[in-house]
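The block underneath contains the structure these notes are about, expressed in structure tokens.
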Amino acid sequence: MDSIFAPKSSSISSLSSSALLSRFLEASSSRKFSSLTFIGSRPFRPSSYSTTFAMASNDVSKPKIITGDFGYVLEDVPHFTDYIPDLSTYSNPLQDNPAFCVVKQYFVHVDDSVPQKVYFDSDEVHACIVTCGGLCPGLNTVIREIVYSLYHMYGVTTVLGIDGGYRGFYARNTIALTPKVVNDIHKRGGTILGTSRGGHDTSKIVDSIQDRGINQVYIIGGDGTQKGASVIFEEIRRRGLKVVVAGIPKTIDNDIPVIDKSFGFDTAVEEAQRAINAAHVEAESVENGIGLVKLMGRYSGFIAMYATLASRDVDCCLIPESPFYLDGKGGLFEYIEKQLKENGHMVIVIAEGAGQELLSESMQSRNQQDASGNKLLQDVGLWISQGIKDYFSRQKTMAINLKYIDPTYMIRAVPSNASDNVYSTLLAQSAVHGAMAGYTGFTSGLVNGRQTYIPFYRIIEKQNKVVITDRMWARLLSSTNQPSFMSDKDVIEDKTECISGEKKEEDPATQFLDNGNRADGVLENKEVSSV
């Protein structure tokens, strides 16, 4: 059963070419959904679906849901009107904005809509922006475009930057952000606001938001940060505050579910290729040369996979989702020896989370976590480098020359490339439009190429991971010609578990093939609200 998030007075687009949902309108006073139309399919009629609203005053945290004859479950994006009655509305400044009034066709297209009214007067908006977690290309671009969108689209002149992550709400001063201040920051790496892990004290943060008179909070961060944003949103809603909490997903690992990708990922892949190219030059310049590159990817191997596919110089790619073994027939060491005998050199790419189960680690290190709650990993690059050296030392069949390259922090500290700059702009502008329209508790993201709002609870449900029985991983295996390091039995068991649902909590929600469908022909579950 497919579920789709639909905003009020807006349009949505589903995920199947055979059933594109184009309009989803709500009657103004009854809070009932008044019309649904399919493209390429017969329409839903009012009698063919049932509506369930769980947004009563004593239970505001549950979504509004409707179900239809065709198996769809539609869940509404949180909105001010869910818990604050009799709100004032204002004319949308975009209707008179010179940048938009000349392209009216975009706002009357069947798949698009712009609210005629917004829930904030421009003069009353006090917005703030905070960046949390690790660095990522594009952070400054997102900051810049939120400020520019608020100023130039909606006439908002009070935008604050929260210094140093979540703890900056209650431990540090704010930074005044204006178009002049942020004008050139997209050309720099990192974040001008500073960042940190941890420091999340919900009561202190919401108290600070109240005390400062902030009514729009833009939170830029990864899955842990979005979990924190969800908690902040729930506390704000519990207090009945007219405060928007909007998230912009950030992680170069690309491990946030539902969305197509997170900003900074394309830049990370591009920069990773530089390290791979260097490793290839080093390896092919000496006899029996091995270039080993460790890339980021704690739980998801997307950077390693895409950088490998883009490079074409990699002979073996190891990621957390694909188990491997070292010794014995068909093991990694045997494959390395085979490649060196055939080609005289080899390039290996390994994600930081790969092979962690093979490392002999102490009980202390196994239980250690960083401030964000992430497990502290052993350096798999150094470990496997030493393992390769020890293997060939024992074999005494050939002398190897191994070069280990770890470009981790070089990759994430660079400015974003052109693709990520454009994507960051879209995410930022979309978040601002949603906030002004009164939506809250959502993350702005791209789903099947469409700008969407996704409620926090869907974003934080699980992590996006590479599906090693899917087509993209098969492309990689055919590119590198490496063994899968999995037996036929392992593959069959993996597919069986996925089909039976035993691994349901681990199956990423965004693993689509080229045509948007899963490998088994079933339309994948995705929850979106088109903007």
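Numbers here mean position along the shown chain, with the first residue as 1.
Cβ from N, Cα, C; glycine included.
The feature active site, proton acceptor is assigned by TrEMBL to Asp253. TrEMBL lists Gly134, Arg197, Gly198, Gly222, Asp223, Gly224, Thr225 with the feature ATP binding site. If you look up TrEMBL, you'll see Asp223 marked as Mg(2+) binding site. Annotation comment: TrEMBL describes Thr251, Ile252, Asp253, Met296, Gly297, Arg298, Glu352, Tyr409, Met410, Ile411, Arg412 as substrate binding site. Annotation comment: TrEMBL describes 498-507, 521-531 as compositional bias 'Basic and acidic residues'. Among the features that TrEMBL reports, domain 'Phosphofructokinase' is placed at 128-433. Per TrEMBL, region 'Disordered' is recorded for 498-531. Residues or ranges marked as site 'Important for substrate specificity' in TrEMBL: Gly224.
Across the fold, the C-alpha of Arg412 (substrate binding site) and the C-alpha of Asp223 (ATP binding site) stand 17 Å from each other.
A straight line from the CA of Arg197 (ATP binding site) to the CA of Thr251 (substrate binding site) spans 14 Å. Around the Cβ of Thr251 (substrate binding site), a 10 Å sphere holds 29 further Cβ atoms from the protein chains shown. Between the recorded positions Asp223, Asp253, Glu352, Asp253 has the most other Cβ atoms inside 10 Å of its own Cβ, all protein chains included. Taking Asp253, Gly297, Glu352, Met410 as the recorded positions under consideration, the smallest Cα distance to Gly224 (ATP binding site) is found for Asp253. Rounded to a whole number, the C-alpha distance linking Gly297 (substrate binding site) with the residue listed as 'active site, proton acceptor' is 5 angstrom. Reported as a whole number, the C-alpha separation between Glu352 (substrate binding site) and Asp223 (ATP binding site) equals 18 Å.
Sequence-distant neighbours of Gly134 (ATP binding site) (same chain, 6+ apart, CB under 8 A from its CB) are Thr195, Arg197, Gly222, Thr251, Arg412. Figure note: comparing Cβ neighbours within 10 Å for the binding-site residues Gly198, Gly222, Gly224, Gly297, the maximum is reached by Gly297.
Among the residues Thr251, Ile252, Asp253, Met296, Gly297, Arg298, Glu352, Tyr409, Met410, Ile411, Arg412 said to bind substrate, no two Cα atoms are farther apart than 17 Å. Cα to Cα, Asp223 (ATP binding site) and Met410 (substrate binding site) are separated by 22 Å.
The two recorded residues Gly198 (ATP binding site) and Met410 (substrate binding site) have their Cα atoms spaced 23 Å from each other. Considering other CB atoms within 10 Å as the measure, the emptiest surroundings among the binding-site residues Thr225, Met410, Arg412 are those of Met410.
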